[in-house]
């Protein structure tokens, strides 16, 4: 049975003191017997502290990004080995903001995936279409292409370390809203696309998270869909009470 997962992407928020406070609040309020795997992704400078504070809890810590190279003259970058050395074994790759703001291509993201898997890290692989793609009815093609370019070259065995996170970019901060039915439609398509290439076992085992503005008031309905295995949460992950409601909705 595939894992249910709720991952909180904190983005560029929370200084060191605020990070510690939020983690302590989550430890106090999150259920210890949750059906969901719980992941938080603080900023780079707070990862080591987060790992220490969550050591004896059911909360796992992830990085928001990493560089594809092992080391070298890449000012401002962080490598997989550096993350592993402080106990971070999970990384978010291909996030829509990395693609749009920092111009990360499918090729760059694919290299990052390869590096992370080489270091036996778990990859939360993000992908999804923009508003113009959906308006032009190209959304299925875009999603399939991103999956193919980013993941379809990896070995079957590597899928044990892959979590998929579908981000409908057109429904994030645009005023547009993706319905639970639209989420299910795309998640079903994603699972069938994986099935065609890698078979039913991998397709049924891989967790597919929804990353389209999940909030306390819509989480339970979205998570009730058969191919939605949890969420990649943005703004709502920065408030402990909101995040707890979302986790309880799984």
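Cβ atoms are placed via backbone N, Cα and C, with glycine included.
What Swiss-Prot records for 95 is active site, electrophile. As annotated by Swiss-Prot, active site, proton acceptor applies to 167. If you look up Swiss-Prot, you'll see 9, 10, 11, 173, 213, 234, 235 marked as substrate binding site.
Distribution of Swiss-Prot features across the structure.
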residue : record                       : DSSP class
9       : substrate binding site       : strand
95      : active site, electrophile    : coil
167     : active site, proton acceptor : coil
213     : substrate binding site       : coil
234     : substrate binding site       : coil
Return only the integer: C-alpha distance in Å from residue 9 (substrate binding site) to the residue listed as 'active site, electrophile'.
10
Binding-site residues: 9, 213 - member with fewest neighbouring CB atoms within 10 Å:
213
Intrachain C-beta neighbours of residue 95 (active site, electrophile), sequence separation six or more, cut-off 8 angstroms:
9, 64, 65, 126, 167
Site of maximum Cβ density within 10 Å, from binding-site residues 234, 235:
234
By the count of other Cβ atoms within 10 Å, pick out the sparsest of the recorded positions 10, 11, 167.
11
